[in-house]
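Feature annotation from Swiss-Prot assigns Zn(2+) binding site to 107, 111, 117.
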């Protein structure tokens, strides 16, 4: 039997949300044909995510999600999600918190896959893909 070395970790996330979030992550990885991976999702407070954003992106503000591809050859990365921002955005977009976390999991992973949202063309491409995956998870017919 082949041993599966692929790992998806969730740190500091509510346990009841993890099963669906793993499905969201696996859906992105499958759609992008990523076969070997180790991805860590870490929930942090606003202070920590602002610190990461300032240090690595030179942007001195809070963000909802920030992704780091650590070892590209093996698709190993860390994705940090702000607990407070995700809760605020859930209310703002009329989602449950679980839905918003799934959306940010999808978004963060797409960044690791090379998608960007820094200009209109790439943002449209990324958000189209993101919305399609999100709808598959939550709005099956």
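Every residue, even glycine, has its Cβ placed from backbone N, Cα and C.
Here the structure is a predicted model, which means the values were calculated and not measured.
Annotated features taken from Swiss-Prot, shown on the structure.
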residue: 107; record: Zn(2+) binding site; Cβ neighbours (10 Å): 23
residue: 111; record: Zn(2+) binding site; Cβ neighbours (10 Å): 18
residue: 117; record: Zn(2+) binding site; Cβ neighbours (10 Å): 15
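Close to the recorded Zn(2+) site, the chain also has 65, 67, 108, 110, 115, 116, 126, 130: residues not among 107, 111, 117 whose Cβ is within 8 Å of the site's Cβ mean position.
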